[in-house]
Amino acid sequence: MELSFAKLHGLGNDFVFIDDRDCALDLTDEQVSYLCDRHFGIGADGVILVRPALSEEGDGYMHYINADGTLAQMCGNGVRCFAKYLVDRELADVASGSLVADTLAGPRPIAFSVDAEGKMTEATVNMGAPILDPVLVPVDAAPDSRATDGAPYVGHLRLDSPWGTFEFVCVSMGNPHAVCLVDDWAALPDELFPAGAEKSLSTLRIDLPGPFFETHPVFPEKTNVEFASVTDEGIAMRVWERGCGETLACGTGACATNTAACLTGRAGRENDLLLSGGLLHICWNEDGTISMTGPATESFSGTIVLP
Ligand SMILES: N[C@H](CCC[C@H](N)C(=O)O)C(=O)O
């Protein structure tokens, strides 16, 4: 089967976009993995099928599939790229400067700006409110903290590992996140860093604790895993994604990390989130929803023959 595709990314978190407005595609895990394979396929962190809206106000539905073929409820960088895909192809009302992307986590309103050629460059997405109820994250742990509005949440989930005990704040943005806020990198064991390297977020061997906690049984649907530190420039973070591995950026992860830093008193409600691929500006609004602002880029398009 020959498929036309477009390749887009948000801060290097990259996706294969396929127009599936006739809902004809039912990709197998193997086909998704092939599309995402960086040697034998196109190469991406995930596949996004562009489908007809699910809601009255929707301009389209973003069907997000991780590189391993698993479905995810929401993708922050992906939804900015989804907006760009629609705007650049005039599949949405460009003049209005706004659209609604339907996702499995619900509709996401998006405000966007376009360049002189009418191409979208940046978008602000209303990512909805962070979900703190452990039953809904989901995480099999009792709430141990309360947010300023009284909402109970899991703020001190201590999990043992071969590299010691790590503490997580558990937040859902429609998809699950376990955020580890590190205040002292020197306190982490040598095994988590290359021999002789200075212990820091950038030298952390995230490929060790990442998959361990991604698949920890306390997370019944697995989880995305973030390691972060608050710095003078903003909140620096790296992410090990469920069903994908480390990515250069994660929009939902940035929202979850911002929430965790704010809930634990390490930061205010509005921060720059400093990811490997670049910066996202995140604001936890007074109405409880989170706004995420960042770029979206189209790299190339083409056709591919699926095995
Ligand atoms: N990269 C995405 C997150 C994908 C989450 C996916 N890995 C999951 O299983 O939840 C983002 O920008 O939010």
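In case you wondered, yes, glycine gets a Cβ from its N, Cα and C as well.
Checking the candidates ASN66, ASN258 against TrEMBL: the one annotated together with ASN13, GLY76, ASN77, ASN175, ASN224, GLU241, ARG242, GLY251, THR252 at the substrate site is ASN66. Sequence-distant contacts of GLY251 (substrate binding site), defined as residues of its own chain at least six apart whose C-beta falls under 8 angstroms from its C-beta, comprise GLY10, ASN13, CYS75, GLY76, ASN77, GLY78, VAL79, ARG80, VAL125, MET127, LEU280, MET292, GLY294. Long-range C-beta contacts of ASN175 (substrate binding site), restricted to its own chain and to partners at least six residues apart, with a cutoff below 8 Å, comprise ALA72, GLN73, MET74, CYS75, ALA105, ASN224, ARG242, THR252. Same-chain residues that are not part of ASN13, ASN66, GLY76, ASN77, ASN175, ASN224, GLU241, ARG242, GLY251, THR252 yet have a Cβ within 8 Å of the Cβ center of the substrate site turn out to be ALA72, MET74, CYS75, GLY78, VAL239, CYS244, THR247, CYS250, GLY253. Here CYS250 (active site, proton acceptor) is positioned 8 angstrom away from GLU241 (substrate binding site), judged by their C-alpha atoms.
Between the farthest pair of Cα atoms in the substrate binding residues (ASN13, ASN66, GLY76, ASN77, ASN175, ASN224, GLU241, ARG242, GLY251, THR252), the distance is 16 Å.
The Cβ of GLU241 (substrate binding site) has 26 neighbouring Cβ atoms from other residues within 10 Å, across all protein chains displayed.
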